[in-house]
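*Asks:* Mind looking over this structure? Questions follow.
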Amino acid sequence: MPASSDKLQPKDQQTIELEQKLAVQSIRVFLQSKTSYDVLPVSYRLIVLDTSLLVKKSLNILLQNNVVSAPLWDAQTSKFAGLLTSSDFINVIQYYFHNPDKFELVDKLQLNGLKDIERAIGIQPYDTRSIHPFRPLYEACVKMIESRSRRIPLIDQDEETQREIVVSVLTQYRILKFVALNCKEIRYLKRPLRELDIISTNNIMSCQMSTPVIDVIQLLTLAGGVSSVPIVDEQGKLVNVYEAVDVLGLIKGGIYNDLSLSVGEALMRRSDDFEGVFTCTENDKLSSILDTVRKSRVHRFFVVDSNGFLTGVLTLSDILKYILFAES
């Protein structure tokens, strides 16, 4: 009898793998059959900022409206001019930190001067791609992955004037939530994460509660594309996270006066609507991960072992890449 049971086990594993492969392929077909416009809610609010606006005023607008990014508009050319994100404010902080004598320049900086800041501190600008809202959703996902961005602007064109129209901005989170809400196939994604090769485990940056905020900001700048730094205790156990968007709340009271604060002190100023730290283990399944995305506003999962030690990071970009390109 034991020998017979052993023979059945590989078949069970093969079934799980086959079901996952077919499920991913089905989700991919779903993404190809839908447009970016299909993801948008029936009604929504969109904040678009003119490139002549002062950076400090744009920060206040983002905070007052509880958003972390906004499309930019060049009134002179009547064209979309990029996206304003927390990374732009981090770049300005870096510039001011290394050039304290330029305080007045930073205080009068307009949004159209952010590219000059990038060049001054040696930051490679992001490739901000856009897409027409009626193009396939799959195409929008691929463009996001190729440009290393977590969001993509949807740009239409007025038929009479031929001028561009900013329709909305689509995020990886919104796309994956759309998948989780509409694709029943996710229940077949039962392979453990450790088998999928989608967890980042090498060179995971971290900090502690006592780490100066400016050190964490420098980590966010140097890493490129990283939007958060996990906070661990002396033993390496995960206790919290410092996100790029936390920088916005830190500098709202003045122009970068509190960079000497520790991470722990800075977190005291965090907004009350912080979603929390989401964790998983390498034994969790994508089905449960996407179920969490369906229920909660989550942007990444920190992978921990059974004792709570940080072992890796699983981003929404990692999940999206797997759905787009794996199991083909």
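Every residue gets a Cβ built from N, Cα and C, even glycine.
Swiss-Prot feature annotations, pasted as is:
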type	residues	note
DOMAIN	42-103	domain 'CBS 1'
BINDING	Ile47, Arg151, Thr171, Gln172, Tyr173, Arg174, Arg297, Val298, His299	ADP 1 binding site
DOMAIN	123-186	domain 'CBS 2'
BINDING	Arg150, Ser227, Ser228, Arg300, Val313, Leu314, Thr315, Leu316, Ser317, Asp318	ATP binding site
BINDING	Arg150, Ser227, Ser228, Thr315, Leu316, Ser317, Asp318	ADP 2 binding site
BINDING	Arg150, Ser227, Ser228, Thr315, Leu316, Ser317, Asp318	AMP binding site
DOMAIN	199-259	domain 'CBS 3'
DOMAIN	268-328	domain 'CBS 4'
*Asks:* May I ask which residues of the same chain, at least 6 positions away in sequence, place their Cβ under 8 angstroms from the Cβ of Ile47 (ADP 1 binding site)?
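*Replies:* Non-local contacts for Ile47 (ADP 1 binding site): Ile61, Leu62, Asn65, Val67, Ala70.
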*Asks:* I need the neighbours of the ATP site defined by Arg150, Ser227, Ser228, Arg300, Val313, Leu314, Thr315, Leu316, Ser317, Asp318. Which other residues of that chain put their C-beta within 8 angstroms of the C-beta centroid, in sequence order?
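*Replies:* What remains near the Cβ centre is His299, Phe301.
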*Asks:* With the cut-off set at 10 Å between Cβ atoms, which of these binding-site residues ends up with the most neighbours? Options: Arg150, Arg297.
*Replies:* Arg150
*Asks:* Sort the binding-site residues Thr171, Arg297, His299 by C-alpha distance from Val313 (ATP binding site) and give me just the closest.
*Replies:* His299
*Asks:* What does DSSP say about Asp318 (ADP 2 binding site): helix, strand or coil?
*Replies:* helix
*Asks:* Helix, strand or coil: which one is Tyr173 (ADP 1 binding site) in, per DSSP?
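*Replies:* The three-state answer is helix.
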*Asks:* Quick one: what's DSSP say for Ser227 (ADP 2 binding site), helix, strand or coil?
*Replies:* coil
*Asks:* Taking helix as H, G and I and strand as E and B in DSSP, count the residues of the domain 'CBS 1' (42-103) in helix, strand and coil.
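*Replies:* Counting residues by DSSP class gives 27 helix, 14 strand, 21 coil.
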*Asks:* List the binding-site residues among Thr171, Arg297, His299, Ser317 whose C-alpha is within 10 Å of the C-alpha of Ser227 (ADP 2 binding site), in sequence order, or say none.
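*Replies:* So the list reads His299.
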*Asks:* Using Cβ atoms only, which residues of the same chain lie under 8 Å from Ser228 (ATP binding site) while being at least 6 residues apart in sequence?
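*Replies:* When sequence neighbours closer than 6 are ignored, Ser228 (ATP binding site) has Leu220, Val241, Tyr242, Glu243, Ala244, His299, Arg300 within Cβ distance under 8 Å.
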